[in-house]
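According to Swiss-Prot, the features are:
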type     : residues : note
TRANSMEM : 2-22     : transmembrane segment
TRANSMEM : 70-90    : transmembrane segment
TRANSMEM : 100-120  : transmembrane segment
TRANSMEM : 136-156  : transmembrane segment
TRANSMEM : 172-192  : transmembrane segment
TRANSMEM : 223-243  : transmembrane segment
TRANSMEM : 253-273  : transmembrane segment
TRANSMEM : 294-314  : transmembrane segment
Amino acid sequence: MFIINLLLYIVPILLAVAFLTLVERKVLGYMQFRKGPNIVGPYGLLQPIADGIKLFTKEPLRPLTSSVSMFIIAPILALTLALTIWTPLPMPHTLIDLNLGLLFILSLSGLSVYSILWSGWASNSKYALIGALRAVAQTISYEVTLAIILLSIMLINGSFTLKNLLITQENMWLIVSTWPLAMMWYISTLAETNRAPFDLTEGESELVSGFNVEYAAGPFAMFFLAEYANIMAMNAMTAILFLGSSLNHNFSHLSTLSFMLKTLFLTFMFLWIRASYPRFRYDQLMYLLWKNFLPLTLALCLWFISIPIALSCIPPQI
């Protein structure tokens, strides 16, 4: 029974990820005054299936000088972590109900750094290694602000449990009272998932494709699926943290629909930002985090610690 539950959880995520690539190409196409994919199937709807078949039936090539085991393990690890992040998310029911759900997600997003580093190092290519080092530095840096923002949310919530966030936001979304945190969280998730305007890891003009430049066929598809699964997971997290369900829990179907619509809207914003903004310089990226976001998040964290204590309204410890 657990295997069936697992498949019912993983297959829709992979399908959503596949069609997200189509939505991205369509959105970017229309924003650049062109059609996007429109040949394979009606309105190009079968394009992701054609892409998947093409990638998984090709011969997986690897450089002669690469480290074989690490080269193969890296994409598998990336996809496994990207799918595991979804397990504690309440939609409104979870696959695994964890007391420390927020910490679990944070630690898994930290582990994804290893798959990037291994892929860059195992490829034995200078472009892949430079892309991997950039990605690791960027991901580790922005995890600092993500962790502090999560700590602030936990102080308001009174617990690390994700389901408790839905109860906290029954009357009012947290984005209303914590909009500076929400803004910094959203920008940090863009950097964490290596999306435009922070896609310095795969700068086409300098690094061709970044850390996965030597990958082809199935392993490349795994990295691709992992990247888009992470994007959707981060947007699902944003929806839970700041736009939590304000519906009655007796109507779980409506709650799920509301949650998915919020996630889709946030994902569409990712695509809109990609079409609108040019890439940051690397020094600007780091300056934004260490000089702007970090002091602000620390100050707001202190604010959320001191105000409940000063007003004697400490949140309930569940």
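Just so it is clear, glycine is given a Cβ too, placed from its N, Cα and C backbone atoms.
Among residues of the same chain six or more beyond the transmembrane segment (294-314), those with a C-beta under 8 A of the stretch's C-beta atoms are 144-145, 148-149, 151-152, 155-156, 158, 178, 180-181, 184. Within the chain carrying the transmembrane segment (70-90), a Cβ under 8 angstroms from the stretch's Cβ atoms is held by residues 9-10, 13-14, 62, 96-98, 101, 104-105, 108-109, 111-112, 114-116, 118-119, 121-123, 162-163, 165-166, 212, 215, 218-220, 222-223, 225-227, 229-230, 233, 236-237, 240, all 6 or more beyond its ends. Proximity of distant same-chain residues to the transmembrane segment (136-156), defined by a Cβ-Cβ separation under 8 Å and at least 6 residues beyond the stretch ends, is recorded for 102, 106, 109-110, 112-113, 116-117, 165, 168, 174, 177-178, 181, 184-185, 188-189, 191-192, 194, 198, 200-201, 241, 285-286, 289-290, 293-294, 297-298, 300-301, 304-305, 308, 315.
Distant neighbours of the transmembrane segment (100-120): 70-71, 73-75, 77-78, 81-82, 84-85, 88-89, 94, 128-133, 135-136, 139-140, 143, 146-147, 150, 153-154, 160-163, 192, 201, 211-212, 215, 223, 226, 230, 237; these residues of the same chain sit at least 6 beyond its ends, with a Cβ under 8 Å from one of its Cβ atoms. Tertiary proximity for the transmembrane segment (2-22) is limited to same-chain residues at least six positions away from its ends with a CB under 8 Å from its CB atoms, namely 37, 44-45, 47-49, 51-52, 83, 86-87, 95, 224-225, 228-229, 231-232, 267.
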